[in-house]
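A quick write-up on the structure given underneath.
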Amino acid sequence: MINVEIVRNYNKWREHRKINKGLIKKITQNVLVRFDHFDKIKQFELSILLTNTAEILTLNQQFRSIEKATNVLSFPNNELNWHNLYSKLEFLYYSDYMHLGDIAFCYEVIYNESCEQQKTFENHFIHMLIHSILHLIGFDHQNDTDANIMESLEIEILSYFGIPSPY
C-alpha cells in the first residue's frame, strides 16, 4: 500500500484534476515493482508538495544553495544508492513501512517546459514524478553512465503509460 499526502500551495494545480493521489500511487507502484526488495515492504509513504516559483526558489536556495527555480526537488528519506540498492534494502526485511521521501513540484516551471517541449502538462508531470521517485530510491544522473541508466528506466516506465520518450 502506498500512502500519498498532497499539499497544494498554488491554486493553478487544481486545474489538473488528473494529478491526484490515485495517479501518484499508480506511478509510484510502477516504479517500485521493478525492484525485487521493495515487495517485502507492506506500506510506503510519499509526501508531495504542489507549489509555485516563489516557494520552489526558496526551497532550492535553502537545501541546494541554488538561486533558481526548478521543475522538481526530491528529498529522499533514506540513503539509498542504486549501485548497492539491494544491500541497502536488507535493513527493510524486518520492516513493514518505508517513508520514501518528499517531492516538491513547481507549477510554472513544469508548465513552461511542457509548452516548450510540446507535451501535455500531465505527461510532463508524470515524467518528473517518475524521475523524482527514482531519485528517492537512489538513482542519479551525475555522470553519463548513471544518466543513461536512469533515462532508460524513465523511458520504459513512461512507455507503460503510453507516453513517448522525452529524450
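Glycine is no exception: its Cβ is also placed from the backbone N, Cα and C atoms.
Taking the Cβ of His131 (Zn(2+) binding site) as reference, residues of its chain lying under 8 Å away and at least six apart in sequence are, in sequence order, Val72, Met150, Glu154. As annotated by Swiss-Prot, Zn(2+) binding site applies to His131, His135, His141.
The candidate set comprises the binding-site residues His135, His141. Of these, His135 has the most other Cβ atoms within 10 Å.
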